[in-house]
Amino acid sequence: MTIHAEGLVAIVIFYLLILFVGIWAAWKNKNSGVGESGDRSESIMVGGRDIGLFVGGFTMTATWVGGGYINGTAEYVYLPDYGLAWAQAPFGYALSLVVGGLFFAKPMRSRGYVTMLDPFQQLYGKRMGGLLFIPALMGEIFWSAAILSALGATLSVIVDININMSVVISALIAIFYTLVGGLYSVAYTDVVQLFCIFVGLWISVPFALSNPAVTDISISAKEAIYQSPWLGKIEPEDKWLWADNFCLLMLGGIPWQVYFQRVLSASSATYAQVLSFLAAFGCLVMAVPSVLIGAIGASTDWNQTSYGYLPPKDRDQSDMILPIVLQHLCPPYVSFFGLGAVSAAVMSSADSSILSASSMFARNIYQLAFRQSASDWEIVWVMRLTIFVFGALATAMALLTGSVYGLWYLSSDLVYVIIFPQLLSVLFVKGTNTYGSVAAYVVGLLLRIGGGEPYLKLPPFIYYPGWVTQERVHHLTGDVEHFVQQRFPFKTMSMVASFLANVAVSYLTKYLFESGMWSHKYDFLDAVVSKHSKEIMDKATLVSNHDNIILSEMAPVKQVLGASLAGTFTNTEILSDDGASSPEAFHNED
């Protein structure tokens, strides 16, 4: 294997540019968002809440437009059994941003939270916040590992350099500028990275389309030439599976700290909504070149190219179709522009996920659960340490784990099944409590894990209606792998069951304790009786002061109020503007 000098030069120049922008953003905004109290930690987490529309729109778009997004979209368009009909990510994630902007951005931003877990810890207590931190952390870490792994494979295809070296260097650069500047560095580098993605891929598309080995993609969209049409189709027996996956993308794309970190960094609740809508449009625009590259791959006679007579799908390299098209259908100097695009996409997602995970740990686990009296300086250093630790963990997984994507699929399902219904409950359902939250957690986890996960070779112990046994043939080895495919929309069903369990158990325990049918001494979570009596005596707390977080112990936040959500459906315990339940009110009283 030869190392392409031009490709290495392109990578070095690009990485130096990103590093320079990250350090410059940190220096330019070193005192931004740090008020009289000197809250440097909040500035790192949410950028001082002064991210503007231009930078905010780019960094919100980069939330989902990463290496997995552009590579995965191209892969599904290319795959013969799937096609554009199954490339759900562009529309699914765009709609998740629209739904998030319409219903979730304003109530979260108007209350001035710092992380997504804040409302859970206010209402359900620090222990429940710690439990919910687990799937949230898994999602962020596995996502970072998966896209770093994809980057290493991509660079090895185009530049023929060592995969491990490319992964480590990329991760180190992303970790370094995230350490230095926090959200400011991440946001400003996202602007450069998204620009590189857009330009790099669009430069490549015309060259790939004009390659003699490529048939007109408008013909191959509907006619089988080298493989089945790339538009694809949804078979009747797969319609519920398709709908289940689409709901997972649309609703499961909301309860991520990486999304709410951008929402909470906006200068107002209305700005947070606008940023979500801009990002939804950006997601659709950024997916177009990936769709075209996938279509080009499906329309190519690979025997006429330097790739060889076997197409990528017969070499089990469908997931690498984007870099393969760049490498074998474009001139070398053009493919290096595309290489920069892929590298940019990966780094724009990896840095965001690492920062999100460290923010949740530093605030919701370290500060609110263990060290309410921690100084701002202490929180900053905990964040910096965990940025390095979580970055190193994601890098190690990318290098050592062969099933990173399987881990990410499972963790993203858990975010959808466990955290989304809890977020619905805590924001929009009045009266839910810790008992309901625990029940919802257990029900969602059991129903999802029970369905199995083929990517991890995890067999199901719950066989939902319509399940079938499928086989996957590994073309290179000839091995045949059998697995169970659940065609019933069990992920969405698990999410709904989790939500109903929260509501039902919450109201049942509230009735049993308050009616006297259960003795007050059995309220061991202090979620009903203690909370109720405490609020009667002193409205200064929202939850009990034994195991739960007292509102006056919440780190102070700056509130920018937006228009109220539909009050009838809003959980007023979390969103009330009453001074007695507002974190800011207690900060001011102090």
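Backbone N, Cα and C define each Cβ position, glycine as well.
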The annotated transmembrane segment range in TrEMBL, which must be one of 333-358, 489-514: 333-358
Two-stretch contact, the transmembrane segment (131-159) and the transmembrane segment (7-27), at least three Cβ pairs under 8 Å: yes
The transmembrane segment (85-105) and the transmembrane segment (271-296) contact flag, 3+ Cβ pairs under 8 angstroms: yes
Tertiary contacts of the transmembrane segment (406-428), as residues 6+ beyond its ends and Cβ separation under 8 Å: 68, 104, 107-108, 116, 119-120, 123-124, 132, 135-136, 138-139, 142-143, 145-146, 248, 251-252, 254-256, 397, 436-437, 440-441, 444-445, 447-448, 453, 455-456, 458, 491, 494-496, 498-499, 502-503, 506, 569-571, 574-575
When counting Cβ pairs under 8 Å to the transmembrane segment (333-358), the leader among 165-184, 271-296, 379-400, 435-451: 165-184
Winner by Cβ pairs under 8 Å against the transmembrane segment (165-184), considering only 7-27, 271-296, 379-400: 7-27
Within-chain partners of the transmembrane segment (379-400) [C-beta distance under 8 Å, separation at least 6 from its ends]: 40-41, 44-45, 140-142, 144-146, 148-149, 152, 164, 167-168, 171, 174-175, 178-179, 182, 350, 353-355, 357-359, 361-363, 366-367, 407, 555
